[in-house]
C-alpha cells in the first residue's frame, strides 16, 4: 500500500476550475487507509482489498458538496508530493484501534508527520476498526497518541470502521466544518479551543 506519488504533478488549488480541499491521508501499514478512502469513494464499505479499478493513492471525492483531493501514503508529505505549490490543507491520520500494541508506533509516526506539516492547521484522527472486539477506548487512544501535546492545530479523534462505514462521514463533517471558502480557496477557521474534551467526539465515548 501507499505507492509513491512523487512522479505526479501536484495540483495548484488556484488553477483548478472548482474549489478543492487537498488532504494528506497517512498511517501505518494495515491501519485501513485505503479501505476508508474506498468507502468515501463508493459510499458503501468495499471489503475486497484487491479492488483496483481506482487509483487508490490519489482520490477525488465529494463530501457534503466539498470537493476533496486525497493523497494516500505511508511516506512523508514532502517526499510524496514533491515540489508542491500548495501543501495539504488538512491531515487525516488513520490508526488501527484494534491493536493497542501499535499505538506507540502510531504516535511516533504521527509526530514525525506533524513536524513536516507545520502549515497544516487541521488534524483528524480516524481510530479505525471499532467493529473489532479488541478496539480500545477513545480516551485510551487519545492519551497513548499524546494528542494533548498538539497545540498548534485543531485536533479531533473519531472511532470508525472501514468495514461498516460507522463514524467516517461524521468525522468528515467535522473536518469540513473547519473550513470556509474565500475567493475560491478553502481557508481554515480559527478560534476553537484545543483541550482534551474538544479532541474527543463525545457521541462515540
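Glycine residues also receive a Cβ, built from the backbone N, Cα and C atoms like all the rest.
Keep in mind that what you see is a predicted model, and the values were worked out from it rather than measured.
Going by TrEMBL, these are the annotated features:
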BINDING   128, 129, 130, 131  GTP binding site
Quiz item: Which are the residues of the chain, 128, 129, 130, 131 excluded, whose CB is within 8 A of where the CB atoms of the GTP site average out, their centroid?
Solution: 32, 97, 98, 127, 132, 135, 159, 160, 161, 162, 163, 164, 166
Practice problem: Let me know the DSSP-derived helix, strand or coil state of residue 128 (GTP binding site), please. | Solution: strand
Self-check item: Close in space, distant in sequence - residue 129 (GTP binding site), Cβ under 8 Å, 6 or more apart
Solution: 32, 96, 97, 98, 135, 161, 162, 163
Quiz item: Which residue, of the binding-site residues 128, 130, 131, has its CB surrounded by the fewest other CB atoms within 10 A?
Solution: 131
